[in-house]
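Report on the structure given below.
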Amino acid sequence: MQQVKKVVLAYSGGVDTSVCIPYLKNEYGISEVVTFVADLGQGDDLEIVRQKALNSGATKSVIGNLVDNFVEKYAFPAIRANALYGEKYPLSTALARPLIAENLVNLARELNADAVAHGCTGKGNDQVRFDLAIHALGPDLQIITPAREWKMSREEAILYGEKFGIPAPVSKKSPYSIDVNLLGRSIEAGLLEDPMQEPDEDVFDMTSSINNAPNAPKDVEIIFQNGFPIAIGNEFLSPVEIIQKANSLAGEHGFGRIDMIEDRVVGIKSREIYEAPGLLLLIKAHKELESITLNPDVLDFKNIVEKKWGQLVYQGFWFGPLKQALDGFIDSTQSSVNGKVKIRLHKGNAIVIGRSSQNNSLYREDLATYSKDDIFNHKQAEGFIYMWGMSNKIWAELNSKKNK
């Protein structure tokens, strides 16, 4: 590896990235470590995070406001894709990685840095997401990954940081790893590594427990235009405000917790806890609206596309050609996804209780009704069934002869 003089480090203020600063300087001999702090709506005072980077030895620390871009270019496409990895996880953390990587590369170009770095460990998913995105956007840049090479446990990393005056934000006894952005929270490690261990209530922050959620249900109406959520109730909101409002409503009523065994990119299974109340609520509403506005064959094929889209994003291929091709298909389906969905929030549940589309509904009450207003031609069903089952009938006749 060519000697690096200046590196741009993706920095969160957590254990691994904080320890990376002295490690890069002392173990790699890099003279300038510039940190990039991504504002993804996590709610932290990022000036404190920036100052922590400087106190930890960073030459310079830059904060990038990515919230609007994160919602409009990453979260909203995921909603249109009904993206749920493993049929549960709405990619709240995974969606942030290519955006951070893109800005990391841009800052490295701006500062004429030789390399970029991140604090991802050797058995996590984020290392794959960062590396693949950086390879796609800055193939000439070196990627330095201290946490993948230092072979320290989390406890040892905390001790290493303390030698250089870096305070640990977690307890050594139960060192949870928590990642937060506007879309949600991911929690792992510590006691949660036992898949039978129930999470303590203090693990959660965005969602109420069922016991503490309101006793009275709350009905919420979400309006979509071209597959994008544009209003909650009668209030038309910006994309960021939509996520914030959905988080508040769903979280208050205890909806949006996920406890799952997840198949990581590197081939191992891990126990993951997520909170993503708003994103899960919006995906649920969007998928319901599609049920009334899209043809059955489009829905069937879109289900296949959605699964693959979610896998590609989870696996780090945001900038890959297949993901871009699937984007084109999804975009082509969304012009008719206009209307509103009513959902009842109550004690951890989000139950669809209504849906409508004024101009794009494929539901015809006069065809679906069993009342006197029914215009469906029942007599034609006999001919349809005869043709529909013809191949099965021929097969059955042939096999019945063979069995005699």
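Even glycines carry a Cβ here, placed using N, Cα and C.
Among Ser177, Ser248, the residue that Swiss-Prot places alongside Tyr89, Asn125, Arg129, Ser186, Glu262, Tyr274 at the L-citrulline binding site is Ser177.
When Gly57, Gly86, Gly119, Gly122 are compared with the ATP site residues Ala10, Tyr11, Ser12, Gly13, Gly14, Val15, Asp16, Thr17, Ser18, Ala38 in Swiss-Prot, the one appearing in that site is Gly119.
For the binding-site residues Tyr89, Tyr274, the greatest number of Cβ atoms within 10 Å around a candidate Cβ is found at Tyr274. The binding-site residues near Asp16 (ATP binding site), taking a 10 angstroms Cα-Cα threshold over the set Asn125, Asp126, Arg129, Ser186, Glu262, Tyr274, amount to none. With the fewest other Cβ atoms inside 10 Å of its Cβ, the least crowded of the binding-site residues Asp16, Asp126, Glu262 in this structure is Glu262.
Among the binding-site residues Ala10, Ser12, Gly14, Ser18, Gly119, Asp126, not one has its Cα within 10 Å of the Cα of Tyr89 (L-citrulline binding site).
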